[in-house]
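> Before anything else, here's the structure in question.
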Amino acid sequence: MSRLVLVLNGPNLNLLGKRQPHIYGHETLADVEADCRLLAGELGLELRFHQSNREYELIDWIHEARETAGGIVINPAAFTHTSVAILDALHMFEGPVIEVHISNVHKREAFRHHSYVSLRADGVIAGLGTMGYQLGLRRVAQLLDQAKA
Ligand code: DQA
């Protein structure tokens, strides 16, 4: 099974660090990527880290993952709450999928309480800040190891 893991980020996360820092913190997405790369090295994972404001681009990366990747860590951002298309794409991916939210979506507006992506995710992390990405990677690595054993 492939040790390649895709970390996918949805809309507005390119502005992490500048965007509502009282909710999302001061770290940039580049900081998150650097932390993920460091950890991926430790876990023996290969990493591809992407962000897009366009739904179709996230869907195309998920399709690509079908052929290449062992797992996906995804913060679909606002598409979490709207996108049946991303859910459908994830249903066609066979490896582990971990959904990450930097903020605790359950403590926020009611429209953030529902996630289409959770219908497919093997695990959901919310409210742990950007550490959620690293925990997501650790879980994917563990599931890949278990699948191999
Ligand atoms: C988010 C939570 C979503 O509700 C929001 O639309 C985002 C970011 C998070 O990481 O906390 O853009 O996914």
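Glycine is treated like the rest: Cβ placed from N, Cα and C.
Pasting the feature list from TrEMBL:
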- ARG19: site 'Transition state stabilizer' (SITE)
- TYR24: active site, proton acceptor (ACT_SITE)
- ASN75, HIS81, ASP88, ILE102, SER103, ARG112: substrate binding site (BINDING)
- HIS101: active site, proton donor (ACT_SITE)
> Using the alpha carbons only, what distance in Å do you get between ASP88 (substrate binding site) and ARG19 (site 'Transition state stabilizer') once rounded?
29
> Once near-sequence residues are set aside, which residues in the chain of the residue listed as 'active site, proton donor', 6 or more away, have Cβ atoms under 8 Å from its Cβ?
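Looking at Cβ-Cβ distances below 8 Å from the residue listed as 'active site, proton donor', excluding near sequence neighbours, one finds ASN75, THR80, VAL124, ILE125, ALA126, GLY127, GLY132.
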> Would you identify which of the binding-site residues ASN75, SER103 has the most other C-beta atoms lying within 10 angstroms of its C-beta?
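By the 10 Å Cβ neighbour count, ASN75 comes out on top.
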> C-alpha of ARG112 (substrate binding site) to C-alpha of ARG19 (site 'Transition state stabilizer'): distance in Å?
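Pair distance, Cα basis, whole Å: 17 Å.
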> Can you tell me how many other Cβ atoms are located within 10 Å of the Cβ belonging to ASP88 (substrate binding site)?
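Around the Cβ of ASP88 (substrate binding site), 13 other Cβ atoms lie within 10 Å.
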> Where does HIS101 (active site, proton donor) sit by DSSP, helix, strand or coil?
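SS state of HIS101 (active site, proton donor) = strand.
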> What are the sequence-distant neighbours of ILE102 (substrate binding site), meaning same chain, six or more residues apart, C-beta distance under 8 angstroms?
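Result: LEU16, ILE23, TYR24, GLY25, ASN75, GLY127, LEU128, GLY129, THR130, GLY132.
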